[in-house]
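S.K.: If you scroll down you'll find the structure; I have some questions about it.
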Amino acid sequence: MLDLVGTFAFALNGALTAIRVVDVDLVGVLTLGIITAVGGGIVRDVLLGALPPATFVDWRYLAVAGAGGLLAFLFSRELRRLRVSMHVLDAAGLSLFAVTGAGKALELGAGPAQAILLGALTGVGGGTVRDVLIRRVPDVLRTGLYAIPALLAAALVVLTSGIGVDRVLGAPAALAAASVCFAVRMIGLRFHLNAPRPRGVPRRPPGGTA
Amino acid sequence: MLDLVGTFAFALNGALTAIRVVDVDLVGVLTLGIITAVGGGIVRDVLLGALPPATFVDWRYLAVAGAGGLLAFLFSRELRRLRVSMHVLDAAGLSLFAVTGAGKALELGAGPAQAILLGALTGVGGGTVRDVLIRRVPDVLRTGLYAIPALLAAALVVLTSGIGVDRVLGAPAALAAASVCFAVRMIGLRFHLNAPRPRGVPRRPPGGTA
Amino acid sequence: MLDLVGTFAFALNGALTAIRVVDVDLVGVLTLGIITAVGGGIVRDVLLGALPPATFVDWRYLAVAGAGGLLAFLFSRELRRLRVSMHVLDAAGLSLFAVTGAGKALELGAGPAQAILLGALTGVGGGTVRDVLIRRVPDVLRTGLYAIPALLAAALVVLTSGIGVDRVLGAPAALAAASVCFAVRMIGLRFHLNAPRPRGVPRRPPGGTA
């Protein structure tokens, strides 16, 4: 259920980003919304060898993602004014996906480091694929705290699973991990926090040069 | 056999597009031609978990695709004048791939919605991967009717399979579905038809801004 | 062991390229370094259906790749002066990956043509994925001799395996194939050799136009 909320949030936000950045038609808006929503889960499942991917096989994910994309198409003007709510929805999606992604990776036998990476990848993967398709250097590689809260939440999932907490306190532990991710992401947005950058490299216009 | 014709058409057209858009050498022309031709089938097979992918394992696909790429490399100047024939060849490839892709997805147990998406993806996937590699926002997301005829043909395949027509009239039904896709694609090209665009978004230069 | 040396070289070089071309933060440098190092192997294993991919499951690859990325982050200024050593390291990584990649493909039952392609793909795949993420048309498609030496080494591996040499002279044969790749790559760099380009196409600014 929470997973579907995250899917909807990601599809809506992903489609709105696409509309804002490039000229896309209905096909493009729906495609990019769906890819943002289910792409991270697909990449995770490919890397786990859990094919066909769950988010592709389960029609509810595709339906909810398609609905989010359609809403973005129909009401892009209105929705763009709600940028703060979009940030909140996106942070919620990131937190939920990182936690469920890490949990699924553990279930399928991934090691701790792999589960942490796959959890974060579930959160950031869909947006990254969308950015590649609309010809942007993915934000997650450049600015803000996006991968770091996702890695943090996934690490908490792996930790609580490792010490056996998740068997007694499964749902609350998952919720706590998601909350940490959400809080770090929102604090990062509010105070414009960034991960450290390489020394001695001058800032360049976004996208860089070829 | 028809599949190999589509493969050749896609490789030729994909390689010519690459030559037109970016500076590529022989390696690039061949690689991009082959990717355009077999990429859609590979993405479909990865999503179906049918690995290794058929278009990669069957040497005839690679040989035909390589031949198409090589022809484009040798005769790019001459072939570029034949733009109309190229459009026809490309539309034929799209139609054949959408139909065979949807059929293969059904065979491997995909649901109806998934089979429709995978059929269309088989048609548009290779060109999309090529566009990403040559740094274009894929046309399929932006302009013209390209995904829509492919979705239509794939839906017809799923429908005729669902009502059992394909058992009695397999080849004619497939051919009819491909013809619908081909007709819609050519009509769209002829009359410059486009899918609807989001309201209130000004047209921008292609590729957008970062 | 040699594989880990190649992994380190690719991670270091991949991360430095990313720093040079786009504005990336710590997350981006590490991610792009790791992707350059393990991406080729992952794409190969996906195409072989050998999932989860070896370079993702084995923590040593991830650790060595992460270390290479971190080193690039910390000492990007100093390391950039060592461009020649970087070229040497990168050519070594390419040679080792092409040889081990082709060998692994043969082990897993790929045909000769597929094994050659997968060997070369193991060598060039990671850098290609990195280039897509930082919005560059991959160099391997455009300029220099990069894929050709990798294809040559992979073909030598397939050949020696086909005539049974590898059973008696496994390690020396592999080393010889890697040396051929390394030599061709370095000669190409030294004398600015390029693969042939399509006739009648004027050189354009890198990256082309949309």
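Using the three backbone atoms N, Cα and C, a Cβ is placed for every residue, glycine included.
Whatever TrEMBL says is automated annotation, not expert-curated.
Copied straight from TrEMBL:
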| type | residues | note |
| --- | --- | --- |
| DOMAIN | C:1-76 | domain 'Glycine transporter' |
| DOMAIN | C:88-160 | domain 'Glycine transporter' |
| TRANSMEM | C:59-76 | transmembrane segment |
| TRANSMEM | C:145-165 | transmembrane segment |
| TRANSMEM | C:171-193 | transmembrane segment |
S.K.: Using a Cβ cut-off of under 8 Å, list the residues of the same chain at least 6 residues beyond the transmembrane segment (C:145-165) that approach it.
M.R.: 94-95, 97-99, 101-103, 106, 112, 115-120, 123-124, 139, 173-174, 176-178, 180-185, 188-189, 193-195
S.K.: Pop the mean pLDDT for the domain 'Glycine transporter' (C:88-160) in here, whole number is fine.
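M.R.: Averaging the confidence scores along the domain 'Glycine transporter' (C:88-160) gives 90.
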S.K.: Using DSSP, how many residues of the domain 'Glycine transporter' (C:88-160) fall into helix, strand and coil, respectively?
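M.R.: Secondary-structure composition of the domain 'Glycine transporter' (C:88-160): 59 helix, 0 strand, 14 coil.
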